[in-house]
Amino acid sequence: MHGTAVLLVLLAAVGHACWNLVAKRVPGGARFVWLYYTVSAVALAPVVGWFLLFGDEPARPSWLLAAAVTAVLHVVYGVVLQRGYAAGDLSVVYPLARGTGPLLSVLAAVLLLGERPGPLGVAGAALVITGVLVISSGGSGTTSGGRARRAGIGYGLLTGAVIAGYTLWDAYAVTALAVPPFVYFGTGALLQSLLLAPAVAAAPRQVGALWRRHRSEVLLVGLLSPAAYLLVLFAMRMAPVSLVAPMRELSIVLGGLAAWWMLGEANPVRRITGSGVVLAGITALALA
């Protein structure tokens, strides 16, 4: 795997784990998602404008269509993930979501995109997915009990399916359609904000109160989320999605350990064991 792509994906994993840890602490569901999507759109607007005005390639209608598709998928992802965090433990929802996503992404990349990862790449992906299952197995370790765990598993699996969908589409958009990553994600963020606007328009006071109470968290997620994913988009221009998608799951190691250390969620031995397996898989992917 290309060395620059490896570095980009590893940096993205750190950013992704950080913003998920912040998001876990904020209530508000769709209102919170809308706020941080809007922050992302505003932050990226000058960059998108520069690319459209001074970029090497003229804008194409296919760019807007590609951004519209990813906007819908990311809105579904954001809402489902936030509801999952409200219903279950971070240590259940996050690993299952991040593990199911790359598993489906690898299978679809092989079956639909014709990618053929070598033996080392396949072994690395298998180790990553196995490590994720180790991290997410066993009891939740909190007082919320079995109901919260079942809800966390359901939301985690659903989120993983959406992750696979947008991962494959985004890889297709920035490679086959050649949409510049900044234009792609920036336009998508604007459309995401517009798509969620009707859901929050009926409760402007609640949105304002959420902004006042959690302004720092909104800004952090709104800036970290696009930064992390832009790194992934650039990496997918350099390496196959069947390798990039599993390698992103270093964020599971960081997120799971942070859930134990900072949020008091249990099962540290299982987290450390699974994290070691994930790291072994990431090493194999880096060498593939």
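Cβ atoms are placed via backbone N, Cα and C, with glycine included.
Automated prediction, rather than curation, is the source of TrEMBL annotations.
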Fill in: Of 151-169, 265-283, the range TrEMBL labels transmembrane segment
151-169
Worksheet item: Which listed range (92-113, 151-169, 218-236) shows the maximal number of Cβ pairs under 8 Å with respect to the transmembrane segment (62-80)?
Response: 151-169
Discussion item. Are the transmembrane segment (181-203) and the transmembrane segment (92-113) close enough to be called in contact, which here means at least 3 C-beta pairs under 8 A that are separated by 6 or more residues?
Written reply: no
Worksheet, complete the sentence: Secondary structure of the domain 'EamA' (152-284) by DSSP, residue by residue, totals 115 helix, 0 strand, 18 coil
